[in-house]
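Trainee: Okay, these came from Swiss-Prot:
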type	residues	note
ACT_SITE	Asp11	active site
ACT_SITE	Asp130	active site
Amino acid sequence: MLAKRIIPCLDVKDGQVVKGVQFRNHEIIGDIVPLAQRYAQEGADELVFYDITASSDGRVVDKSWVSRVAEVIDIPFCVAGGIKSPEDASQILSFGADKISINSPALADPTLISRLADRFGVQCIVVGIDTWFEAETGKYHVNQYTGDESRTRVTEWETLDWVKEVQKRGAGEIVLNMMNQDGVRNGYDLEQLRLVREVCKVPLIASGGAGTMEHFLEAFRDVDVDGALAASVFHKQIINIGDLKRFLSEQGVEIRLC
């Protein structure tokens, strides 16, 4: 059995790490490189960096900090932000990233997924899915351009259909960003995760809602996700990654201990 992964998420805006609630009202957390170093030292299995306004601004992620991060950490990391072509991806990978993640650009042009997978291999192509539960309809829908609340829009894609589509096109991993739970710290949306797990045959990463160690345990034990991504509990030092991994190991979760 592959070890489960603990993945801190660093949302980047204007060169600094920020964090919002339900993808809004972002506050500055700190500088990118020191935070990356801290999480690597605490025992993170990998890191994810989202340049949250790159797609909505029509630009590619700022590559200068990508190379600085690669110089100071020795764990895998994934970068997302405005990647619209194999050339964009090639540059980011050449600066030291191990994986690239696409989200809004894939919704704008789904062929991008297969073009990237064909060139670089599915192992380094992650698709992020920003999913929102509409209480009125009882449905989960995919959102686009979520880094800029003035441009965020609901797409025609229902979440489960998009999960199936991106796998068909070559996604090697899916990060499910559950927007209703983002930054609230009241637990992952286990019901949605179960629905997605049934149709997701590639590694599935849960994102949005972690507030306690038990929340991570529930995602691994009850849904069998492959990794759990979180931000605010790590940024605000509510949970220490080393302590979390020891807790999970004691509960029988296969995890890499520091």
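Just so you know, glycine gets a Cβ as well, placed from its N, Cα and C.
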Trainee: Give me the CA-CA distance between Asp11 (active site) and Asp130 (active site), in Å, as a whole number.
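Mentor: Computed Cα spacing between Asp11 (active site) and Asp130 (active site) is 14 Å.
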Trainee: Taking the Cβ of each of the active-site residues and counting other Cβ atoms inside 10 Å, which one has the highest number: Asp11, Asp130?
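Mentor: Sorting the candidates by Cβ neighbours within 10 Å, the top entry is Asp130.
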Trainee: Reduce the DSSP letter at Asp11 (active site) to three states and note it down.
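Mentor: The residue in question, Asp11 (active site), is strand (DSSP, three-state).
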